[in-house]
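See structure below.
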Amino acid sequence: MINQENNDLYDLNEALQVENLTLNDYEEICKRLKKKPNRTELGMFGVMWSEHCCYRNSKPLLSKFPTKGKNVLVGPGENAGVIDVGNNQKLVFKIESHNHPSAIEPFQGAATGVGGILRDIFTMGARPIAVLNSLRFGNLDKSSNVDLLRGVVSGIAHYGNCVGVPTVGGEIDFDDSYSGNPLVNVMALGLLETEEIVCSGAKNVGSPVLYVGNTTGRDGVGGASFASSELTTTSLDDRPAVQVGDPFVEKSLIEACLDAFKTGDVIAAQDMGAAGLTCSSAEMAANGNLGISIDLDLVPSREDDMSSYQYLLSESQERMLFVVKEEKINDLIEKFNKWGLYASVIGEVIGTNEVIISHKGKIVAQIPTSALSDDTPVNFHNVINNPPDDLLNKWEWKENDLPEIHEQKIFSLKENKKFSFQEIILKLLSNPSIASKRWIYKQYDSQVQANTVFKPGKSDAAVVRLREQYKKNKSKVFSGVAASVDCNSRWVALDPFRGSIAAVAESARNVSCVGAEPVAITNNLNFSSPESEIGYWQLSSSCNGITEACKALETPVTGGNVSLYNESKNKDNLITPINPTPVIGMVGKIDNIEKAISCEWKNIDDQIWLIGSYKSDTTIAASSYLEYFHGEITGRPPKIDLLDEKFCQSFLRNAILNSLVVSSHDISDGGLAIALAESCILSAKGATIELKKDINREDNLLFAEGGSRIIFSINKIKQNEWLNYLKQNQINFPSSVYVKKIGHVSSETLKINIQDKNICNIRVEELSEKFNNSISDYF
């Protein structure tokens, strides 16, 4: 037992287990403090030294990312990244995860995930203008996964709809690896409303520290430590570690904070997210190279007899911490009270670099700021030199391993019978990972604020008008921003390096497909335990891939989130890790949103074209077709030639800006056939496609993935203009990039011919039925 001067008795081994700390950590803490920590101090170290707060396992890998660029104003280190989007406007954006809380309390876990990322945005002085989400669940044939999906979607919808921020897009995938550990990643965008970016570093010794927002309770205590450990069969007992959100308080907080920031009387701001008051005070002090003292007796609370430990580790929602001008404190408190928010001076900035906490007249914690924030432990791991043997074996897979095609039919290794290509297209369209997510996004308010250009599902990336709502300017606003979240986790599982390159490339491609220029990314690295040899190799390889792609595409990393220990343990102590899932949130700028285009065909007889790269692999390996039709997750994912990728995107964007291209859609899950079908479904128009059999297998032509490929349509009245444009630009084409006409838009049927033989003739109505009802049928 440890006995401290404040009679704080605790069992050391039990306390270390609760705080997810090691004995080595404890010895290091004693060295930093030059004494043994009391229970409150140990709890503060527990959350601040967790992976969630200090990235102790991933920090060496994150340092490789490119973080500077011509448009980047604020990179990693602040609450969110900031880029210049022109016209004296600044976009603030970030992605965060709420995986473990959503696993045990899906509604509140997802809802507070939305609330937390919104606070990161408006803490910088920006009004939130859009939310996107990237979700992963186990397959829906298991009822518990259906319940998780229902709860998470309801939570996102509830919070986003009530707070008045549109949910404009996202992605969702289903795989058994997520059955015990779903992923809930939320990305938010905001438009700066203040003259200066509001930063988090404390300034001016003696300045008051102001607490604003909701009261503090016991909900969410230890949430950061909980988020940094694996899920087990007893994780439901950790429900108190899940926060409870109130979107109506958040709405008041947004308006009050932006109002206060515009006065210039707020010196620094930090939201109370993970690790609550501990993290916000420590980071403000460290970022300002000063200290902070706090009296917990002054903190507005909603429960009686809370301990100092509970005050400091509570993750009650909708709370902020400010450093403010002393002479303006009364004006600010009055402003916040007007919005129905609690506002109380709870401390001050001090000259010594430490966080000092008082409670009931006694100092209960006194810790150097560097020990909590800057100089936190780093766990170094050895990276294996070669990929695991099971992956090397899978990379040996060849398309010739599949059954031969006879009379336009192929034998399914999964279902042990033959199917026509027409039947395969319908089967792929009905797979929940490919099918329409309409059941999900119809629950979201995507039109609130009246700036959403395309409804969810209509375009490869969301497009939002950059209208400054606080200005009473009635002139029309043309500038906009595009955003997309992407990751093919099957590819990353089979090759973390190639798969992560592909995730960056696809997110940029989606942004380019609407006519926007990719500018920067935020990423959410969802991985299993870094203590596993393979788990850390996956994380390291993924970071290398992201680094290479971001450098080549000139899309620097402005920040993000790392979520490790995403694995579940069953009653037999068998661990199931998730597929590694590095979600890329890409943002791009577009000068004129009237030029932006969607995936839908526009006019009958418009020409359909295909652009792609011969250097970028086009293969059935690692494809949706191989998994969903043949039941095999194998093969090496396609290699992407990033120079060709960049050229294809740039060429397409310029054609869109010249009003020649009227629709475009990237080829991803399911290959060319599914991309064509989706454009048909979205427009309720057909397509007649003529393909040459320049390879041995028809299923490669139809269902192969990769190749940096995009289908697009040319307005029928601009076909000569398009051909002239193409001829003028042909001289700049790399020899490995091709652009070819493959068909035209028709009325009611998707008709695909290969070498003049018809292999598909499906009415759009039948395509739509399979595509639109797959997920909703589970409810």
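Glycine is treated like the rest: Cβ placed from N, Cα and C.
These come from Swiss-Prot:
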type     : residues                                                                    : note
ACT_SITE : His52                                                                       : active site
BINDING  : Tyr55, Lys94, Asn523, Gly560                                                : ATP binding site
BINDING  : Glu96, Asn561                                                               : Mg(2+) 1 binding site
BINDING  : Ser97, His98, Asn99, His100, Arg119, Gln243, Glu315, Ser316, Gln317, Ser563 : substrate binding site
ACT_SITE : His98                                                                       : active site, proton acceptor
BINDING  : Asp120, Asp271                                                              : Mg(2+) 2 binding site
Alpha-carbon spacing, Asp271 (Mg(2+) 2 binding site) to His98 (active site, proton acceptor), which is rounded to whole Å: 16
Recorded positions clustered about Lys94 (ATP binding site) [Cα within 10 Å; pool: His52, Asp120, Glu315, Gln317, Asn561]: Asp120, Asn561
Pairwise C-alpha maximum, in angstrom, for the residues (Ser97, His98, Asn99, His100, Arg119, Gln243, Glu315, Ser316, Gln317, Ser563) that bind substrate according to the record: 21
Neighbour tally for Asp271 (Mg(2+) 2 binding site), based on other Cβ positions within 10 Å of its Cβ: 27
Among Asn99, Asn523 [binding-site residues], residue with fewest other Cβ within 10 Å: Asn99
Of the binding-site residues listed as Tyr55, Glu315, Gln317, Gly560, the one whose CA lies nearest the CA of Glu96 (Mg(2+) 1 binding site): Gly560
Helix, strand or coil at Ser97 (substrate binding site) [DSSP, three-state]: strand
Cβ neighbours of Glu96 (Mg(2+) 1 binding site) where a neighbour is any other Cβ within 10 Å: 25
Pairwise CA distance, the residue listed as 'active site, proton acceptor' versus Asn561 (Mg(2+) 1 binding site), rounded so that it is a whole Å: 10
For Gly560 (ATP binding site), the three-state class that DSSP assigns: strand
Candidates His52, Asn523, Gly560, Asn561 (recorded positions) - the one closest to Ser97 (substrate binding site) by CA: Asn561
ATP site span - longest C-alpha distance across Tyr55, Lys94, Asn523, Gly560, in Å: 17
Residue from His52, Asn99, Asp120, Glu315, Gln317 whose C-alpha is spatially nearest that of Asn561 (Mg(2+) 1 binding site), among the recorded positions: His52
ATP site, defined by Tyr55, Lys94, Asn523, Gly560: further same-chain residues with Cβ within 8 Å of the Cβ centre: Leu62, Pro76, Ile95, Glu96, Thr522, Asn524, Leu525, Val557, Gly559, Asn561, Val562
C-alpha spacing of Tyr55 (ATP binding site) relative to Asp120 (Mg(2+) 2 binding site), in angstrom: 18
